[in-house]
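A.B. asks: These came from TrEMBL, pasted as-is:
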BINDING   Cys110, Cys114  Cu cation binding site
DISULFID  Cys110-Cys114  disulfide bond
TRANSMEM  26-43  transmembrane segment
Amino acid sequence: MHSRAITKGWGGTMTTFKGNQIGRRIALGSVVGLGVAMAFVIIDPDALDALAHLLGWNHHGKLTTTTDSAIPPGAPIGGQFTLTNQFNRTMTPASFHGRWMLVYFGYTRCPDECPLTLEKMAIMMNSLGKLAKHVAPVFITVDPTHDTPAVLRTYLPKFSDTIIGLTGKVPEIAKVAKEGGVT
């Protein structure tokens, strides 16, 4: 069970864009009072270009406008949550207000995909340079029984000190995962 997302705020509607490879999807939506929600379902080398495009930057560092049409419009993504970060602080969607959330659902005992994706997340954040201050890289565990704040606090710095780890009670994690499109 793995999924990755980037969202400004959390909660809104999902729109899928078709990329030049099967499985590459970007989800966008609007969030009442929080801005726009966007989800990267697959992180790959073109994700940085997609993020720069969605943030309004072209390859020459100039602002651009986008007129991409979305398919299918109106699919729900996100919602309210109350989770705990690796420093035992309560986090809600408001904690990320004004920043894009690059979200990955995984677990610390995952032997393969999770560490590779977290490494890609760290590389992507480093590649953003000055734009990184507008992005919150977030790891939401799907194994909250094992992945306590202390476990996340030990695990995540292996990849980056900037990754925010979130955990909580099983029902809340299940709710957030479902609302984030994780099945």
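Using the three backbone atoms N, Cα and C, a Cβ is placed for every residue, glycine included.
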A.B. asks: In the structure shown, which of the binding-site residues Cys110, Cys114 has the fewest Cβ neighbours within 10 Å?
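C.D. replies: Among the binding-site residues Cys110, Cys114, the lowest count of other Cβ atoms within 10 Å belongs to Cys110.
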A.B. asks: Helix, strand or coil: which one is Cys114 (Cu cation binding site) in, per DSSP?
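C.D. replies: Where Cys114 (Cu cation binding site) sits, the three-state DSSP reduction gives helix.
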